[in-house]
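Visitor: Pasting a structure below so you can have a look.
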Amino acid sequence: MTGTGTGTELLAISGVTKAYPGVVANSDVSFSISEGEVHALLGENGAGKSTLVKMIYGLVKPDAGSMRFRGADYAPAEPRAARAAGVAMVFQHFSLFEALNVAENVALGMENPPPMRELASRIKAVSEEYGLPLDPGRMVGDLSAGERQRVEIIRCLLQDPKLLIMDEPTSVLTPQEVEILFKTLRQLSSEGTAILYISHKLEEIRALCDEATILRRGKVVATCTPRERSAREMAELMVGATLTPPARAAQEKGAVALEVAGLSVASPIPFGTSLKDVSFAVRKGEVLGIAGVAGNGQDELLLALSGELRCSAGAVRIDGVPMGDQGPNARRAAGLVAAPEERLGHAAAPDMSLVENALLSGAVRKGLVKGGFIDWAAAGEFAAGIVRDFDVRTPGTHVAARALSGGNLQKFVVGRELSQAPSVIVINQPTWGVDAAAAAAIRQAILDRAAGGAAVVVISQDLDELLEIADRFAALNEGRLTAPRPVEGLTIDEIGLMMGGAHGMEVAHHGH
Amino acid sequence: MVRLEKRPSPSAFWQWATPVLAVVLTMIAGGIMFALLGKNPVEAIRTIFWDPLFNEQFAAYSRPQLLVKAGPLILIAVGLSLGFRAGIWNIGAEGQYIMGAIFGAGVGLALYPVETRWVFPLMVVAGVFGGWLWAMIPAILKTRFNTNEILVSLLLVYVAQNILASMSLGLLRNPEGGGFPGSRNLGQIPAMANPELIPGTGMHWGVIAAFVVVIAAYVMLQRHILGFHIKLSGQAPRAARFAGVSPQRLVVLCMGISGALAGAAGLFEVAGPSGQISIDFNVGYGFTAIIVAFLGRLNPIGILLAGLLMALTYIGGELASFMLSLPSAAIQAFQGMLLFFLLAVDLLTNYRVRFGAKREVA
Amino acid sequence: MDIGGINPAILIASLMVASVPIILAAIGELVVEKAGVLNLGVEGMMIMGAICGFATAVGTGNPYLGFVGGAAGAMALALVFGFLTQFLLANQVATGLALTLFGLGLSSMIGQGYVGIKPPATQKLELGPLADIPFFGTILFEHDWMVYMSIAIIAAVWAVLKYTRTGLILRAVGESHDAAHALGYKVRRIRMLAVLFGGAMSGLGGAYISLIRVPQWTDGITAGAGWIALAIVVFASWKPWRVLLGAYLFGGITVLQLNLQAAGARIPVEYLSMSPYLITILVLVIMSSGKGKAALNAPAALGQNFHASR
């Protein structure tokens, strides 16, 4: 399998602590990585993984504790110093510039880049060598999420790093692309490069990593060899509790509540993906799961369903009524509610209170506005009801939305939509960046509404989540939607192919 | 080392304290500026802020001027504040003010010498329409062609100034004025005048309109869904679209309201305190109103207070230029400085300032 | 060679002179916007450059020092803008407006003692026999040094943005400050430097107005040139050579209408003087309407403030 570590210590972290106002991100964290080792940093959202790697990469300075790298004291003042020492990092949210081309993006991540022409040929050479084909002249904004990740990886590899940090790298890849990435990482490891691999996906870690450090609430709770532990064991270490999967009752499906037919619409987002001839139907009581790698039209699909993006009237029908040319409030009145992926700034206004944010999308169905004037008392009750029913942890409903943690805000946003007795529910990334307990609660709430007769569309990049809650499954690929198929009996390979396979990368890897 | 830390929620205390702090800092910096000009800073500040209201010699003249000057500032600033809150930047209120005056006076003068009670209301309608029309140009260009409203509305000020010059030299020139530029004096035509309603207060119809608008705007922002949508659009444009707000409609609405109010201010001025259309009719109220809007924290009540304060600096500035021969431009620089300080201290509302370096690695 | 009493060679030569202030201010603002900062205070910085340049030139008797003084005066104002927006995170639109309002007031205050004075003359560059070439000699080789300098600055900005690492970093910061920060670039420092460069250019442009183009001091001498420069950056869709084109277009209209005024054309003076502003608006509309084509070239982080959180 993997080239196991040589045993020579590469990086040692001891007693590192970092606190932010109101939260201790890391508390007395210690672990070490050997040369050539693939080391997993495992933990839930908010466990402190990102802060820890930012300290290793020189973006954040620890409050206390020390680090050693290749036998010398290591305290990078800035990423440049970290790169000079031999540490490279691939970010979860890419540090790429969409309006610049691949070569320019690579050059920006290097200390002394060669002239552009020479750099372009080196990019070509390295990308072929590691099976990650890239055209140096292409604009990054036009690349798929997987290709963008390749830009980041190539940028790192050109620096010849001793330690490569990868922050949640597989969240933007299809199953096939994940396999290719793992091959590349194993190749690197066998050549002596250590990899610090951050993830909350247990099966991946068991397949790839030599050692694992598990973080919970900023503290190291365990270290283990992933291959020797079961996924369930590690999950319990990570979460600190036993989780029960959501329960669902067998359900008779009713009449079609949402019908989308031949939906084609141009993306309003710069470098976005236009929707091409999307068609599907969802019955009452049914959950349709829509998978896809980030940037394949998920945001556009949500906008087209919520009414923020208009299309031809017949392309979207709610309970048989053509609504494609209607705006969000007309669709709400017809029974459709939507929860966008981006909590702060799209689903909720960051600086507004929970009451105001409850009014934001609840005004129509909850009758919070009469004759143009706002019934603040009713809005307040609505907000308090959401906080109570969905267990939103907040000092009160007059707190600004941005003061809530990601999980609590997500519960509020999802709760706000589900509390409006909708007949159609559309949710994009219902549990993105949310801890396990809150994610379970949100999934359960969605299933309960489906059981109550609502038609549900869940758009998600988390395959496990979709397989857990969806009745039928479809995938978005470059703005096109595959024909929905029943979830039962689907294999992971079939799912991967529905998501677009490996986006033309197989050829490159056959050479190895 | 100084660091900034974002507050979980905006501080209610600093929201009101920052304008006061900015005024104090401006007085200090302004004092230094006056000292550099060779004036006694304490005397200069007192002449600007105290004497117009409380000096026995000047107060009788100055006090009514307070409302005369504050009226148009408040009227314009309330309109602008709605757009500013929604992220729609109409900075051409000066031009809309001029066009309101021209349209209003034009309708009045076209009817001359009709002597009925409805001439003045008709002029008000025409003034509002003139300002609204002038603001619709950037609004429509923005919604139809995505043209930057900041640049267009501002460039239209220069166009309006040229139209004003043309009007006072041509179409609206007083035929009995012996060839001098400038229109008939509307203030001397009873059917068209906007007189001082209560002698010795400076109160005229424009001031009343300003108070009404302050109340209306306050109610709208607090209780009406439109006010909510305006605030939402400024803070989170994507969330506003999610809430069903049409950005185009909002641009037309906010630009329209601010243009109409600026036009009304222009009409009330030309029919009242100024009296006639002339080349130098506009004195920069449209620009000063931008400072008033920010100083009042884009809040109608705050704008009311800020408008009065800014009017005071105008009157005090005139007084200081008369008494201490302080250059009249100094007061303009002083007002600009006030906006600087306000923007500078504004961060205290959303950020905490921490002193001391972050602890380094042991 | 005269058409309606206007000599085309002299017309072209004078449009080149008329457009220099706008070229300078616009190329400065282009660099500022490429770094992701929107400074609406160009008008205020220009007029500060105009008065500071004028005062320095009159005080020292040296027109070249005048330009240095103009650039320094405008840079002082740019420094205030940079500090407020980059360190105190003030709204860029509001701060830019404040800069203009403050600059207009302060310049008129400083300028009180300078009304009616003539500044020391700037010599035309002696290019010998080149100036004697018929037609083109008048157009190309009978100018003061700033005319050539302004074109050289455009060429320099173009080359730096396109070919150097400095230019690449500047564009990267304007494209995404978060990504640039993650790679370890000093976003604030880079933006501060860009803002200061923009200030210096605006100052040179302002000084050119008061020292060469007019040449004297009057209140509000820049008459909206700063706003036109801002519009020209949009017209140029953030491309340096297009700034030259836009500025010449505007300069041409200005010179033409002045010539028409002088030639006693039948159109009233006021309508002629408003024409440059109307044409600028028209050009803005045409550039923005092409289905967001110009907008696509705009730096993605334009006008957004940067605060490094976690």
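If you go along the chain as it appears here, the first residue is 1 and each next one adds 1.
The backbone N, Cα and C atoms fix where each Cβ goes, glycine too.
Just lifted these from TrEMBL, have a look:
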type	residues	note
TRANSMEM	B:12-37	transmembrane segment
TRANSMEM	B:66-84	transmembrane segment
TRANSMEM	B:96-112	transmembrane segment
TRANSMEM	B:118-141	transmembrane segment
TRANSMEM	B:150-172	transmembrane segment
TRANSMEM	B:202-221	transmembrane segment
TRANSMEM	B:250-271	transmembrane segment
TRANSMEM	B:277-296	transmembrane segment
TRANSMEM	B:303-324	transmembrane segment
TRANSMEM	B:330-349	transmembrane segment
Visitor: Assess whether the transmembrane segment (B:202-221) lies in contact with the transmembrane segment (B:250-271), where contact requires at least three Cβ pairs under 8 Å among residues 6 or more apart in sequence.
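Guide: When sequence-distant Cβ pairs are counted, the transmembrane segment (B:250-271) touches the transmembrane segment (B:202-221), since at least 3 lie under 8 Å.
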Visitor: Using a Cβ distance cut-off of under 8 Å, indicate which of B:12-37, B:66-84, B:96-112, B:303-324, B:330-349 has the most pairs with the transmembrane segment (B:277-296).
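Guide: Checked against B:12-37, B:66-84, B:96-112, B:303-324, B:330-349; highest Cβ contact count belongs to B:66-84.
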Visitor: For the transmembrane segment (B:96-112), what are the same-chain contacts with Cβ under 8 Å, counting residues 6+ beyond its ends?
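Guide: Sequence-distant neighbours of the transmembrane segment (B:96-112): 72, 76, 90, 119-120, 122-124, 126-135, 157, 160-161, 163-164, 167, 171-172, 183-184, 186, 189, 191-192, 258-259, 262-267, 269-271, 274, 276-277, 281-282, 285-286.
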Visitor: Are the transmembrane segment (B:303-324) and the transmembrane segment (B:150-172) close enough to be called in contact, which here means at least 3 C-beta pairs under 8 A that are separated by 6 or more residues?
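Guide: No, since the transmembrane segment (B:303-324) and the transmembrane segment (B:150-172) share fewer than 3 Cβ pairs closer than 8 Å, they do not count as touching.
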Visitor: With Cβ-Cβ distances below 8 Å as the criterion, list the same-chain residues six or more beyond the ends of the transmembrane segment (B:250-271) that contact it, or say none.
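Guide: For the transmembrane segment (B:250-271), the sequence-distant neighbours (Cβ-Cβ under 8 Å, at least 6 residues beyond its ends) are 71-72, 75-76, 78-80, 82-83, 86, 88, 90, 93-94, 96-105, 108, 120, 123-124, 126-136, 138-140, 142-143, 149, 153, 186-187, 192-194, 204-206, 209, 213, 226, 229-230, 233, 240, 277, 281-282, 285-286, 289.
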Visitor: Between the transmembrane segment (B:118-141) and the transmembrane segment (B:12-37), are there three or more CB pairs that fall under 8 A, provided the residues in each pair are separated by 6 or more in sequence?
Guide: no
Visitor: Are there residues at least six beyond either end of the transmembrane segment (B:330-349) with Cβ under 8 Å to its Cβ atoms? List them, or say none.
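Guide: Contacts with the transmembrane segment (B:330-349): 4, 7, 10-11, 14-15, 17-19, 21-23, 25-26, 29-30, 33-34, 37, 48, 284, 288, 290-291, 294-295, 310, 313-314, 316-317, 320-321.
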